[in-house]
Structure formats: structure tokens, C-alpha cells
């Protein structure tokens, strides 16, 4: 009499060593991001240049604070669990796009713009606009324990940026302060130029989100819960 032997599936939730290392690196980058923001705030306060509504109105700062939370939570979970939850993975996908857009827009459009205000210490700016985006992108690509995402998650990445643009433009119209020059309708091209910049960035975010989801599905064939298209 033959007996069919079912494959053994491990129920262990203990993370592998490389996943623990990824968790420690996430926590380290989260703390470095937080230290960068704290340094900028302290530097501006010391030099009487801090305006809270302006500083915390920047997309870079808001999205970086999101990444601080996601990196610290994701790092803590990576130290204790073999797999990330679907919810965390969806949020990670969204903040990944914000980090990459922050780095790309700053280095392509804003790096050489001469500031007419307080300049401040240089290294926090490099962390926010260069090193954090690079780390977050590599973390998404290389870190183990990430489940596949459904295509229906694609729209999540656009909710915050579109809400932020609406807020930034309305606030700029009311106060005259625009967080970024390309949002100012007083520039050549007016509102048409603003709309083109916003549409271009929205398309870039959508493309990044699609690439992140595709990569998650390609690398995570064994974990297909909640991946119906």
C-alpha cells in the first residue's frame, strides 16, 4: 500500500538573518531621516528662520515623516516576522514612489535653484533628497519577506500627492508662498505650466507604482494572497 506524502510547509514565523539585517537597516535609516528633519528644524530655530507652516508644508518633509514611520514599523516587524503584512506592503509601495519622486524632482529641477532665504546645514538636505530615496528603492528591491501586491493597489499611491498639490496651490494663492517654484502660476506659462508639471509628476508616480507592483508580483509568486487583479 502506497502512502501519498504531502510536502512539508514550515509554519515558522521566525525571520531569516538577512531579513533581520534589513530590519536593522530600515530602523537606522528611519532614525537618520528623523535626525535630519530635527537638525533642520533646530538649525532654523537657532537662526530665527523657522516657520512651521512653511517647513511642514513641503512634500519632502511630509513624505519623509511618512517614511520615518514606515521604516521604523517595517524594521521592527522584520526583526520579529518572516513576512510583511499586505497593508504595510501597500503603504511601502506608496511611500517608495514619494521618496523616488522627491529625489528625482529635487535633483532634476531644484538642486541649482538659488534660495532667497535661509540655506542652513547641507547634510540633512542630502539625506532627504539623495540617500533616503536610494535606500528606500533598494530596500524595496532587495529586502526579503515582501508579499505580492494586487494591481488594484495602484491608485493608493496617488491619493496623498493629489491632495497635497490641491492644498499647496490653494495655500499659495491665499498666502503668496509656494513650496516649489513649479507650482507658482506666476511663472512663465501660468496655470498651464503648473498643470503640465503636476500631470508629469502624477504620471511618474503612477509609473513608479506600477513598476513596484510588477516587481513585487514577479519576485513573490509564493505569496499571492490578496493579489486578484
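Here the Cβ of each residue, glycine as well, is placed from N, Cα and C on the backbone.
Keep in mind that TrEMBL annotations are predicted by a computer and have not been checked by a curator.
As annotated by TrEMBL, transmembrane segment applies to 21-39 (among others). Long-range Cβ contacts of the transmembrane segment (21-39) within its own chain (Cβ-Cβ under 8 Å, at least 6 residues beyond either end) map to 15, 61, 64-65, 67-72, 74-79, 121, 123-125, 127-128, 131-132, 135-136, 139, 142-145.
Taken from TrEMBL, the feature transmembrane segment covers 59-79 (among others).
Here the transmembrane segment (91-109) has long-range neighbours at 59-60, 63-64, 66-67, 70, 74, 84, 128-130, 132-134, 136-137, 140, 146, 149, 153, 156-157, 159-161, 180-182, 201, 204-205, 208-209, 212-213, 216, meaning same-chain residues at least 6 beyond its ends whose C-beta is under 8 angstroms from one of its own. Here TrEMBL flags 91-109 (among others) as transmembrane segment.
TrEMBL lists 121-142 (among others) with the feature transmembrane segment.
Positions annotated as transmembrane segment by TrEMBL: 154-170 (among others). Listed by sequence, the residues of this chain that lie at least six past the ends of the transmembrane segment (154-170) yet keep a Cβ under 8 A from its Cβ atoms are 57, 59, 62-63, 66, 90-91, 93-94, 97-98, 101, 178-180, 183, 185, 194, 198, 201-202, 205-206, 208-210, 213.
Under the heading transmembrane segment, TrEMBL lists 190-214 (among others). Listed as Cβ neighbours of the transmembrane segment (190-214) (distance under 8 Å, sequence separation of 6 or more from its ends, same chain) are residues 93-94, 96-98, 100-101, 104-105, 140, 149-151, 153-154, 156-158, 161-162, 165, 169, 182-184.
If one looks beyond the transmembrane segment (121-142) by at least 6 residues along the same chain, the residues whose Cβ comes under 8 Å of a Cβ in the stretch are 22, 25-26, 29, 32-33, 35-37, 39-40, 43, 60-61, 64, 67, 71, 92-93, 95-96, 99-100, 102-104, 106-107, 111, 212, 215. Remote same-chain residues near the transmembrane segment (59-79) are listed as 15, 19-20, 22-31, 33-34, 36-37, 85, 88, 91-92, 95, 98-99, 102, 106, 128-129, 132, 136, 143, 145, 160-161, 164, 168, 179-180 (criterion: CB distance under 8 Å, separation of at least six residues from the stretch ends).
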